[in-house]
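Okay, so here's the structure we're looking at.
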Amino acid sequence: MRASIYRNFLFRLHPTTTAKASKITNHTRNIMSESDQSTGFSTPRMVTKKVLAKLQHEGEGAVVRRSIGRSELKFLDPFLMLDDFSVSPPAGFPDHPHRGFETVTYMLQGGITHQDFAGHKGTIHTGDVQWMTAGRGIIHSEMPAGEGEQKGLQLWINLSSQDKMIEPGYQELLSDDIKTAEKDGVEVRIIAGKSMGVQSPVYTRTPTMYLDFTLKPRAQMNQSIPESWNGFVYIIEGEGVFGKPASSPVTAHHVLVLGPGDGLSVWNRSSKPLRFVLIAGQPINEPVVQYGPFVMNTQAEIDQTIEDYHYSKNGFEMAKYWRSQ
């Protein structure tokens, strides 16, 4: 599918939205707090909202479970969208543009082949991560790398106004290179941020924590989170108790928005493993205007972005000539 046709299709799925970032009264911090404490917290984070990720079609024949980015949870500063995707050939995400934010793709099963108009091409497999900074503009495709079902998570992270027009870039981590830690029946893969005293090497332009936890039956964990950050949990499999021991268990495919506090406690009281990602980030506290895959601060900037894309300029120069193979 040509990029212009796909653009129109994608924009119908994502109409223009405008949001104002929530005000944070505490001073923001760029540093990660220690994460390996085994006790509780002075202000434990509670679950303030629960959203079930519902199935919808996206791209060409792909199916996603979207949680952040739907009517029940349009935006959680700095996070714009979270998709739990499933795609099998010939379906996929053909040529499409981005500007003004970052995408983080984390493969849970299978592989996705990525190529862009600057000549970058590669495949990420189970456990691998691609952290893409779209910046001033990129056009790329994301297509299944093999037969059968390919599954993963894709998170969109906003960029501040001063970073929206930077040059595009990538950080890619193979599964074996992602640092892990384990203690008392709790295993964590540290994609970004810090846990159990282990720090990820990933640079997060918008300060972000991205942790993949697996709790064995009857295990409990405590994870510190900077107090001024917004955070959430997405449950991949199993069921768990989040925030306080008296809470009801929550099952897979739910996003749990976390309230204020300095850390999260989780209990797995079931007979099966519990797997979830804990994601938190420093709020940007700027206006957000989104038009499909373009995320800026004002409508005028969105109008300029559409013009840049249409006329192949200001970061989209290669759009006129490039088609994925």
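Glycine is treated like the rest: Cβ placed from N, Cα and C.
Listed features, source TrEMBL:
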| type | residues | note |
| --- | --- | --- |
| DOMAIN | 64-157 | domain 'Pirin N-terminal' |
| BINDING | H96, H98, H140, E142 | Fe cation binding site |
| DOMAIN | 210-314 | domain 'Pirin C-terminal' |
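Counting every protein chain shown, the Cβ of E142 (Fe cation binding site) has 28 other Cβ atoms within 10 Å. Secondary structure counts, DSSP: the domain 'Pirin N-terminal' (64-157) has 0 helix, 63 strand, 31 coil. Residue density at H98 (Fe cation binding site): 22 other Cβ atoms are found within 10 A of its Cβ, drawing on all protein chains shown.
Scoring each of the binding-site residues (H96, H140) by how many neighbouring Cβ atoms lie within 10 Å, the top position goes to H140.
Over the domain 'Pirin C-terminal' (210-314), the average per-residue pLDDT in this prediction is 97. In sequence order, F93, D95, P97, T103, H114, D116, I138, I139, S141, P293 are the residues of the same chain, not among H96, H98, H140, E142, whose CB sits within 8 A of the CB centroid for the Fe cation site.
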